[in-house]
Amino acid sequence: MEEYTGKAIFRGIAIGKVCFYEKGEQMVKRGRIENAEEEIARYERAREKAVQELGALYDKALKEVGEVNAAIFEVHAMMLDDDDYNDSVKNIITSQKVNAEYAVAATGDNFSKMFSGMEDDYFRARAADVKDISERVVSILTNRDRTGYVGDEPVIIVAEDLAPSETVQMDKSKLLAFVTEHGSSNSHTAILARTMNNPALIGIPIKKEWNGKLAVVDGYTGTFLVDPDQETLAQMEAKLQADQESARLLLQLKGKETVTPDGKKIRLYANIGSVADVAGALSNDAEGIGLFRSEFLYLEKSDYPTEEEQFQVYRQVAELMAGRKVIIRTLDIGADKQVDYFNLDKEENPALGFRAIRICLTRPEIFKTQLRALFRASAYGNIGIMFPMIISVQEVLKIKEIVAGVKKELDEQGMKYGDVELGIMIETPAAVMMSDELAKEVDFFSIGTNDLTQYTLAMDRQNASLESMYDPHHPAVLRMIRMVIENGHKENCWVGICGELGADTTLTKEFLEMGIDELSVSPSCVLGLRKVIRETKAGTGTAV
Ligand code: PEP
Ligand code: MG
């Protein structure tokens with residue numbers, strides 16, 4: 001048995017034969033031509049055919065993986081229309097008197113190198129795309145087949161790397177998993193793998209000799225086993241069965257409405273911390289994102305993320321959620337989430353200290369950068385913004401003033417943005433007590449029960465020795481939630497819960513009776529909670 005560990009980019013277990021997928025990399029021969037005009041015409045015909053093929057691929061992907069994920073083929077078609085790309089091909093044909101396939105391959109290489117040298121992740125990811133379109137045109141010029149046939153029985157695809165067009169062309173019913181040596185978790189191929197619901201690993205040093213051998217992919221641990229021994233195989237089969245069992249529950253509830261037997265509809269959203277987490281939200285059929293903890297973006301960096309970097313991330317999430325609500329929380333740094341480059345002073349009581357909105361309002365340059373990125377991304381989906389750790393109406397008024405300034409600036413620069421709902425987190429007792437007035441200023445409240453519990457009970461949520469006394473079901477917390485919902489509804493402000501308590505199904509009945517409008521939970525809790533909501537009457541609880 002051979003065992004390897006890579007990075008799992010989508011969870012799940014797969015057991016089956018390996019299909020070594022050969023890239024179809026094309027050795028392009030350089031040939032001398034006499035008539036450059038004829039060669040350019042030959043290139044134009046191949047280019048047009050490639051655009052037609054991409055149109056057909058778009059239609060196929062649209063049916064199988066949805067509009068947002070199919071969009072990559074539109075991007076490819078647009079790349080083939082790009083003047084710089086076409087001028088480069090034609091210039092190589094004319095100036096070097098070479099055949100079209102050589103000119104296309106050389107252009108593809110040049111552009112790909114240029115993109116992969118760029119700092120921006122988005123452009124680096126385009127390197128694979130430009131190679132992909134060039135290979136498509138070369139295939140047409142050389143009459144080679146690129147249909148992605150992987151055989152008749154379901155297989156684990158093992159490849160050095162996979163281009164999005166290769167992935168989507170494969171017959172989905174014949175795919176068990178993807179294992180690649182290269183590739184990144186943010187590439188479109190990874191996004192497609194997740195959307196196709198196949199376990200996928202990257203970073204596995206692949207071998208051609210595995211072709212046809214039995215293998216196991218564990219998308220929970222990142223493990224890849226070739227020729228597993230009997231004992232390991234039996235263990236993995238048991239794991240697969242358990243996985244299939246929960247998937248059955250998942251399947252039954254996917255696509256079903258989150259509605260109580262007496263007709264109250266609940267928005268059942270998911271909490272995420274990165275673009276990669278959207279896969280879990282989608283595969284668990286979350287109806288939106290109720291909390292995107294944007295501070296993770298700052299935590300994984302060694303310096304402030306730029307407006308552009310943030311914009312790309314927020315836009316990707318908005319696009320992946322394809323019109324469903326995406327609520328992004330502004331930076332919640334401080335307390336347990338410390339970032340060196342913020343150079344914050346050491347504090348006696350960090351949980352009660354300089355954190356979250358307090359930092360943003362004191363250092364507006366950081367706040368404005370994030371708001372600009374968020375508003376720009378709102379042109380690509382249905383974004384809502386919420387602000388953490390609010391204690392007063394004055395803070396909200398100040399935030400609204402800064403937001404108005406950011407929108408004015410974007411207007412002046414001719415930058416688009418969408419209609420953005422603004423909300424606040426209710427996670428301090430002060431916000432609870434002021435919720436009647438706060439509700440007049442915002443579109444929604446999202447109750448952060450994790451912090452609300454610690455501040456209400458005056459118990460550090462990080463302190464393990466308080467574990468036995470720490471009671472999130474404390475009546476004080478539940479009364480506060482009720483109060484917030486009542487005050488919110490009086491002002492037509494919808495109310496959700498995004499703290500961990502939202503997923504506690506022993507409280508679902510109570511929340512429904514209180515009139516909760518939204519529950520935002522970890523992706524893996526979505527379907528279990530949907531089941532409970534569909535079985536629980538809301539009684540008098542009314543929604544906004
Ligand atoms: C909360 O406090 O309930 C919350 C959702 O925010 P975080 O857990 O990130 O503090
Ligand atoms: Mg909190």
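For all residues, glycine too, the Cβ spot is worked out from N, Cα and C.
Predicted, not measured: the structure shown is a model, and the values here were computed from it.
According to TrEMBL, the feature domain 'Phosphotransferase system enzyme I N-terminal' maps to 5-126.
For the coiled coil (26-60), the model gives a mean pLDDT of 89. What TrEMBL lists as coiled coil is 26-60.
Feature annotation from TrEMBL assigns domain 'PEP-utilising enzyme mobile' to 152-222.
Summarising the annotation, TrEMBL assigns domain 'PEP-utilising enzyme C-terminal' to 252-536.
R461 (phosphoenolpyruvate binding site) counts 17 other C-beta atoms within 10 Å of its own C-beta, drawing on all protein chains shown. DSSP assigns R461 (phosphoenolpyruvate binding site) to coil, not to a helix or a strand. Annotated phosphoenolpyruvate binding site per TrEMBL: R293, R329, N450, D451, R461, in sequence order.
When Cβ atoms from all protein chains are considered, those within 10 Å of E427 (Mg(2+) binding site) total 27, not counting its own. The DSSP secondary structure for E427 (Mg(2+) binding site) is coil. Residues or ranges marked as Mg(2+) binding site in TrEMBL: E427, D451.
DSSP assigns C498 (active site, proton donor) to coil in the three-state reduction, placing it in neither a helix nor a strand. Here TrEMBL flags C498 as active site, proton donor.
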**Complete:** Of the binding-site residues R293, R329, N450, D451, R461, within 10 Å of C498 (active site, proton donor) (CA to CA), in sequence order, we find N450
**Prompt:** Is any of D451, R461, C498 (recorded positions) within Cβ reach of ligand 1, i.e. under 6 A, and which?
**Reply:** D451, C498
**Asked** Of the recorded positions R293, R329, N450, D451, R461, C498, which ones put their CB under 6 Å from ligand 2?
**Response** N450, D451
**Prompt:** Within the chain of D451 (phosphoenolpyruvate binding site), which residues six or more apart in sequence place their C-beta under 8 angstroms from its C-beta?
**Reply:** M389, M425, E427, T428, R461, G499
**Among R293, R329, the one of these binding-site residues whose Cβ has the fewest neighbouring Cβ atoms within 10 Å** = R293
**Asked** Which three-state DSSP class does N450 (phosphoenolpyruvate binding site) fall into?
**Response** helix
